[in-house]
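Heads up, the thing below is written out as structure tokens.
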Amino acid sequence: MGVFRFISISLAAVSAANAAQILSMPHAQTVPHSYIVMMKDDTSDDDFNHHQSWLQSTHTHNITRRATIQNAGMRHKYNFRKMKGYSGIFDEETIKDIAKDPKVMFVEPDTIISVNGKVEQSNVPSWGLARISNSQPGANSYVYDSSAGEGITVYSVDTGVDINHEDFEGRAIWGSNQVNDGDDRDGSGHGTHTSGTMVGKEFGIAKKAKLVAVKVLGNDGSGPTSGIVAGINWCVEHARQNGGTDKAVMNMSLGGSSSSALNRAAAQAVEQGMFLSVAAGNENQDARSSSPASEPSVCTVGSSAEDDSRSSFSNWGPALDLFAPGSNIISARPGGGSQSMSGTSMAAPHVAGLAAYLMALEGISGGAVCDRLKELGSSSITDVGPGTPTNVLISNGGAKGGNPKPAPGPSPNPSQPSEPQQPAPSQPGEPGESFPGEPFPGEPFPGEPFPGESSPGESAPAPAPMPPSPQHPHTPYPGGDNFDFDGYWKKYFGGEHWRKMFGSFWN
């Protein structure tokens, strides 16, 4: 009896020692009882299936304990070939049981990610398109090769897209909705704006690329990390089955507190051949405190102003790869027409659009695209911020291909854009392929982007010091002297907001 008791205690000690880490997010806004579980890299499909069967059995056994938790159980399942995991609603004891499985790498509380607060300004001249194709600021024409991203698919992981907007010319399709709100539209306007910059006929860079809308943020611009990871997984699988990940670009104008799960998902997408453009954030602080901007394998983008200075709101630091226009950018809005927004959310789609353009023109893909963007860019940005290793502003100049001709920039009136006047066809470069296949049926998604800056002409605030801990909430990157912080936090983090958005999680 004593021997049996000794063995039992020893096994319990070994189990406890090998238990996966349950990560703490003390400063983050978490979704009640919601967790993300990541399996170890060597987990086979059989191991994963066995774990899921065990989890179902555990839920059945703990049914009385979970009676007070609504909608308990698995919600998303992730399978990136080399990375497997899932998310769900679980009670504390079940989470402890999950962590004891030797195949589990870590368990992470599900946190909220949001779009960055938006800054809208009327009658602002458009300048971003012209800047990336001219050597000096102040130009008013966009010069590009007529291949214009043809054959490349761009995935907008955002608040959704008005796919019927005239600027998309029928090249945009609905893909997936990870928000589970049953609302396949862009109620925020953020996703339509970023998509217009990427592929729009008038406002866009890659004017012949296809667009797939993947909604991971709700109409209020926020959503849990678990849904964003699911959105990334969906994009990778869709690209693999529809033309290949080497002809796919993903834009993520969103961010929040540091998340191992989100960074690992982004890294898996890059490893499997996709190009990811990610907004650095709008807090005027070190971008290493945010995910997915802190993931080294993605292309992390800071924002520049019209005078080639770093935008006053833009994050900085070692995580940044490039800068792109992000202040007072005019692009499409839901329902037709246009509007002006500012933020690193506006800078990232310039990089995503130019990536699609270069992939079609030069036949490059994946991680090579960010390196090529650095080669083509100009060393123009001033006041890059502490520890920032680059002052490169993106440019399409010098890209090999056909003979580019200038095209007029977008209309300066954001409410009533004029009919776009495209240049006469130039000698084409490397032609791309037609859009490969049909999208998967839609489903909901969560996540969020980055907001405003101070008015033009104001001096930029001194950079904020590096936060002592990377564990703060996945929230938008607000910024700007006129930004209503009190109203923002009350709106997005007040109890009533979350009760309405995640009502099923509350008793």
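Using the three backbone atoms N, Cα and C, a Cβ is placed for every residue, glycine included.
Residue with Swiss-Prot feature N-linked glycosylation site, selected from N62, N251: N251. Helix, strand and coil content of the compositional bias 'Polar residues' (378-394), in residues and according to DSSP, is 0 helix, 5 strand, 12 coil. In this structure, the C-alpha atom of H190 (active site, charge relay system) lies 9 angstrom from that of S345 (active site, charge relay system). For the domain 'Inhibitor I9' (34-113), the number of residues in each DSSP class (helix H, G, I; strand E, B; coil) is 25 helix, 29 strand, 26 coil. Between the listed recorded positions, namely N251, S345, the fewest other CB atoms within 10 angstroms of a CB are found at N251. Taking the C-alpha positions, the distance from S345 (active site, charge relay system) to N251 (N-linked glycosylation site) comes to 9 Å. If you average pLDDT over the domain 'Peptidase S8' (126-400) in this model, you get 94.
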